[in-house]
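K.L.:
What follows is a structure written as structure tokens; I'll ask about it next.
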């Protein structure tokens, strides 16, 4: 009797190694085939784990448990068949749970802002001299942390886990643990429609997010989000944060951060490094979680000073000076839905040349489209969604757009457009931003938003290099 792992992403790879380290019989299956997957296949097969690539999923004889990577739908036909046969089906995060349940957790979920909030919390623990491992949907998979903890290679004080709706959907036992078990603190960053093609309804999507807070001892919610502001009274022991309301547990007054009425830090430098009100919201959420975990204000202050931002989230990757005009290239590949695309545009000053598109998600693009109309000088569209996005823009009478075949071409065309725009500026010293903020998933052309962001960075740096020759 063995264990079958579906998906050979980093989570599936780690889950297989955790099972094998316990002496269990493991098979891994992935319907895709690529050079990266073959490298992982070779690594696992050296550890005695058979791997099947490039074949449709099928249940193997003698399997007693199927472990599901986050990218595989929880209602996949193979999983439905496994359940009919009485085979246990668990998510990768749940597999890690028995090895980590003795530790306190900060669990962080939400539509947008999860990763930055998670990284900020981990930084606050680090400055306080505690190892709070950022993991889950960011950094290390939970099963990798579980393996290293079980083997004695790590002794973390806390787990700081970003948990996606996919992971929460597949972690029912984790979320039904006895009262008082981790997560000690549950954080809900934002809530807007996303992943409806997988979860079906907004109510189901919200339900998976709410699981985390229902099990937590303490909860932190974003009072700037209307849905979460309404729900803040649904649970006891709930902190809420606000950019302006002094009744909140954590709030801003001017540029000063207050926690429980006490001034903690000035945020001018942070706002310069991490632009946008959404990043201030992320910081307030992280500060609230750290405070509840007993992190002193001095460590929170130190983390605010040292935090440099996150890759693929309004990350400035290059700058080219054209006369007096700086042209800045900003990588916001993590913007995989319309809300995140709106947040990026709202955080930046015009003029902006926007590169958008990819694989469209369900959702209402109207607010994003209106902000494009108000702030964006030109839109360059790529990927599967390009024709539909072009039509939506034309319907609001926005016509300064172009559909292009690849990101490489879009970066080159964006630079040409920026150079032309620079000549027409009233203030030649005014920066122009070339922004990759797709508002779409990456899977039509890339393996992940990180893959897309790395490619954008490489294109920009190659452009800079060609101009220096």
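Even glycines carry a Cβ here, placed using N, Cα and C.
Per Swiss-Prot, the feature ATP binding site maps to 110, 111, 112, 113, 114, 115, 116; the stated evidence is sequence analysis.
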K.L.:
My understanding is the cutoff is Cβ-Cβ under 8 Å with a sequence separation of 6 or more in the same chain; which residues meet that for residue 114 (ATP binding site)?
P.N.:
108, 137, 138, 162, 163, 164, 189
K.L.:
Within 10 Å of its Cβ, which one of these binding-site residues (111, 116) has the largest number of other Cβ atoms?
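P.N.:
For the binding-site residues 111, 116, the Cβ with the most other Cβ atoms within 10 Å is 116.
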K.L.:
Would you list the other residues of this chain near ATP - those whose C-beta lies within 8 angstroms of the C-beta centroid of 110, 111, 112, 113, 114, 115, 116 - in sequence order?
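P.N.:
Once 110, 111, 112, 113, 114, 115, 116 are set aside, the remaining close residues are 108, 117, 189, 190, 282.
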K.L.:
Enumerate same-chain residues with a sequence separation of six or more from residue 115 (ATP binding site) and a Cβ-Cβ distance below 8 A; give 'none' if the list is empty.
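P.N.:
Listed in sequence order: 137, 138, 162, 310, 313, 334.
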